Every structure is written in C-alpha cells, then in structure tokens.
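Accompanying notes for the structure given below.
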Amino acid sequence: MSEKETLTPTTIVIFGATGDLAKRKLFPAFYNLFIDDRMPKDFNIIALGRAENDDENFRNYIKENLENFSRKKVTSEDWEAFQSHIVYFRHQLDEVNSYKALNQKLEDFDKVYETRANRLFYLSIAPNFVSAISGHMKNASIASDPKKDRIIIEKPFGHDKASAIELNNLLSQTFEEEQIYRIDHYLGKETVQNILAFRFGNSIFEPLWNHRHIESIQITVAEEVGVETRAAFYEQTGALRDMIQNHLLQILCMVSMEAPASLESSEIRDKKVDVLKSIRRITPEKVDHYAVRGQYGKGKINGVDAKAYREEEGVASDSNTETFAAIKFYLDNERWQNTPFYVRTGKKMKEKHSYITIQFKELPHSTFSDGPSQLSANRLIINIQPSMDIRLQFMSKKPGLSLELKPVEMVFNDFACQENSPEAYETLLLEALLGDLTLFMRSDQVEEAWDVMKTIQETWQSRKDASFPNYKAGSWGPEESNALVERQGHKWV
Ligand SMILES: NC(=O)C1=CN([C@@H]2O[C@H](COP(=O)(O)OP(=O)(O)OC[C@H]3O[C@@H](n4cnc5c(N)ncnc54)[C@H](OP(=O)(O)O)[C@@H]3O)[C@@H](O)[C@H]2O)C=CC1
Ligand SMILES: O=C1O[C@H](COP(=O)(O)O)[C@@H](O)[C@H](O)[C@H]1O
C-alpha cells in the first residue's frame, strides 16, 4: 500500500497561520508534500488569524512566500491545484464563539468529504497561548475523536520544568498522549536521522562506540543569523531554551543512546529518556565549571558589518539574554563513563555549520619510530548542515620510499542529491499525517530535558550582571568556551 493510501481525509488547522514559521516553513512543507503527491487526496488547510482577511488575499500572501521559501519551484499549474485547499478563517484565540465557529467549519468539511475526517491542529503560536487554546478546544469539543485528532505543539515546550509539567497536565485534559506531537524540527533533518542508520545499520562502529575507545564528543550548532525579527520571543528565551534544551539534547541522545530493539516509537523514545536521565546534574556552585554563556557584540560576518545584540530592534540596551551557550555534559552510565560531551550553539557566529565530532582515543603505543607525535587520533565528523556528509579521519602511508604517515580523510557524501532532500518540516508533517510519533517528543522526554537545564537556567537567571557582550559577531563565541574544553586537554574542532 502506498503512503498516500494510508492518508485518510484530513483537515489541517493552523493557529498562527499569519506568522513567521507558517510562511517560511509550514506552507512550503505542505506545498512540497502536495506536489510530491504525499498529501491525502482529500485535505484542506484552515489558516487562522486575528485580522479581517479573505481567502484570495491570504492565498496571494502564501504564494508570494512560497516563491521565496519553497524547496521546489512554484508553477502556476501546481499552485492552482494547491491554493484551492487553503481557506482563511478569522479567529480570536481567547473567544469561546470563535471555537464554536471553527467547529462548524470543520463539520462543514466533513460533509464535503462524506466522512468524519482526521483533524491535525498545528499550534504555530507562542508557547504561552497553548494552554488556553487547548482548554477552549476541549470546551468546544473540537478534538473529540482521540483516534482521528492530533495536535502539533512547537518548541520551546514550556519555559522550564515546572511549566512543562503544568502544560503536559493541561494538555492531558483534552488530549491523550498519543495525540500530542511535540515537534523538534532537528529530528526531521536527513542527517540527524542518518545518525541512527549509521550507528545501528553497521557492525563496524558500534563496538567502538563507548568510553573505552572514544575520548570526547562535540556537538556544534553555529548560526550566522542573529535575532532577526524575533526579539520579543528571543529576549525571553535565549540560547539555552531556544536550542540546547531541545535540538542539541536531541542530537546528543541520538549519538549516545543504546541500541533500540526495534524502530517502534516507544522503544526509541524510551532509549532517549534513559540518556537524559543519565546526564549528570550540575550543582549551582559548579555551573561556571560546566557552562559558558555569551552575547554577541559588534563585528563582521563575511566582511559585512554586523550589529551587536543589544543594538538589535526590540532588544533591551542592557539585555542579559545569552545568544551563545556551551556546556560540558557527562553521562553516568556504563557506556559513557568519564567521556565529556561538549555542546555549543550561538547566533552571529563565524559561519553556519552544524556538526558532530567523535574524537577517538590515541593509540596506547606507537609502532612508528617517531612515536605518537606522528599520529593523529582517529576522528569521525558527521556534518549536519549546510554540508551533509560523514568524514572518517585516519592515518595512511605517505607515498614514497620511507614509511612515513599522514592523516587522510574518507568522505561519505550521498547527498549529492542534497537539493532534493526533503526539508525537516516536510518529513515531520508527513509523519504527523500518518500518525507516527517516533520523531516527536514524549511528555517525559521534554520534562527530563528541562530537568537537565534546571540549575544552569536558574543560576544564569539569578545573575543580572553578565559582562556582555563577550564575543564578536563573526567569531566562534567567547574565549571562556575554549577554556571549557581546554581544561581537559581538548579543543573545539
Ligand atoms: N519562526 C521560527 O523560525 C520558529 C518558530 N518556532 C516556534 O513556532 C511558534 C510560532 O513562531 P512564529 O511564527 O515565529 O511566531 P510569530 O511571532 O510570527 O507569531 C505567530 C502568530 O501568533 C499570533 N499572535 C501573536 N501575538 C498574539 C496575541 N497576543 N494574541 C493572539 N495571537 C497572537 C499572530 O497571528 P495573528 O495576529 O494573525 O492572530 C502571529 O502571526 C513559536 O512557538 C516559536 O517558538 C519554532 C522554531 C522556529
Ligand atoms: O528552533 C530554532 O531553530 C533555528 C535554527 O534552525 P536551522 O534549521 O536553521 O538550523 C534557530 O535559528 C531559531 O532561533 C530556533 O528557534
């Protein structure tokens, strides 16, 4: 059976359809799934917004944005077919009658499909609206069928552990856990998913994948962009909540988890929760030893002048929000005893580059006369973006009469078809339409991830006197982040 045949009629409701995420990611993803013939035969998208608008006007707005953000070219034939599935619906998040009217609209579509369709609700709005929307949905019986109705919630899920627990409790009054799709778009990226294929689809690496053979692991997610137009959101959030609590911890889980017995969603999610539970909790007095925060000042990126964070529109001139964070984690389990996991992320860094480095241990003894100094320990680099490849660095003989060695690299790059790889949101929306939860986060996963962050978050929040800015736009972050890894004789790769 093709995937399409498994997709029953579906009405998609986007809360916040006029927003940044919807225009840059969601509509382009639905459009690309549509032209790849991955959408259900019967589907409609109800786009919710507060302002007065009509279908034609809203569709034109979506078309303009598709031209900028769609992976595939927008042709008039495809657009004509797609646009008829979009309707604009004026809606107030806090008005009971708005939900009653929305329910009526959903029922009208069911009449057209001649069946009670699946309903997929995408909450593309700030996290503080989620609980109110969920309550109104319950009262208006909008998501009344647990087998057919699903809700997608964006990250960050809450702003700390207590609020995530509260939100989970509130959602559970309207939805069963199997209906809740907590999204982390990094889990939809080709190269992040490939970590599982690479680790568990081969027999040669897994025996080495532990503290006996691996010296340290680094995860870097560096961005060139700054806060852009999202200051209101980012000022309240910062790098720790925006990136580390979700994207970087999820990558860390994929790299370090035990082998799942199967690809069942519960099995994979259980293994990830085990990793999060094993992460050593940092005590308040040790925060500076394990974590570094930063905020960009003026600088140059690719030769172009870049503003300081505190000069960005909507940012307070004495803002304490971190735009960079680096943390050293330890996992207290058998596999990873004493192996440091260094993670870092930042905005306005030297270049956009996300990658994982697996640094293997040095040989205990060198056969070669010059000794270990001639040898570089093996290293595996998994490039997530923008390049998508896997590089294994090892020693080889220099061509010639003497037995001299040199480091070489073996590169796997199956992504020559990179431009044809689906965007993360395409993969995740298709999974949600199909009802597969594997790539989404379960309630205990998010709560545990917040628990990992707790002490650092509280310590940083309590200190209002951060000496910011402490890194130049266009650099690799504050000097202290080098000290974090150098203390143990390591270096950021
Ligand atoms: N943008 C991005 O790149 C990413 C965003 N996210 C997450 O996605 C979600 C949406 O983000 P984004 O699209 O950037 O957000 P936006 O700031 O663009 O807001 C989305 C929509 O929310 C509605 N809205 C805003 N304020 C209010 C209010 N006071 N009352 C009612 N409605 C309001 C607006 O719609 P209207 O005025 O029409 O009602 C707006 O279009 C957030 O949770 C964010 O964390 C996650 C990853 C990346
Ligand atoms: O979730 C977020 O991710 C983006 C980075 O995503 P990428 O796919 O471009 O790597 C980040 O810019 C944003 O601040 C954050 O909310």
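The backbone N, Cα and C atoms fix where each Cβ goes, and this holds for glycine too.
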Exercise for the section: With His185, Lys189, Asp242, Lys347, Lys352 listed by TrEMBL as binding substrate, identify the candidate in Glu166, Glu206, Glu223, Glu264 belonging to that site. Expected result: Glu223
Exercise for the section: Among Arg38, Arg50, find me the residue TrEMBL lists at the same NADP(+) site as Gly16, Ala17, Thr18, Gly19, Asp20, Leu21, Ala22, Lys23, Lys155. Expected result: Arg50
Exercise for the section: Compute all pairwise C-alpha distances among His185, Lys189, Glu223, Asp242, Lys347, Lys352, the residues listed as binding substrate, and give the largest one in whole angstrom. Expected result: 20
Completion exercise
Close to ligand 2, in the sense of Cβ under 6 Å, among Gly16, Ala22, Arg50, Asp242, Lys347 as binding-site residues, are Asp242
Completion exercise
A 10 Å Cα radius around His247 (active site, proton acceptor) captures, of the binding-site residues Asp20, Ala22, His185, Lys189, Lys347, exactly His185
Exercise for the section: Report the member of Asp20, Glu223, Asp242 (the binding-site residues) whose C-beta atom has the most other C-beta atoms within 10 angstroms. Expected result: Asp242
Fill in the blank from the handout: Integer Å value for the Cα distance linking Gly16 (NADP(+) binding site) with Lys352 (substrate binding site) is 28
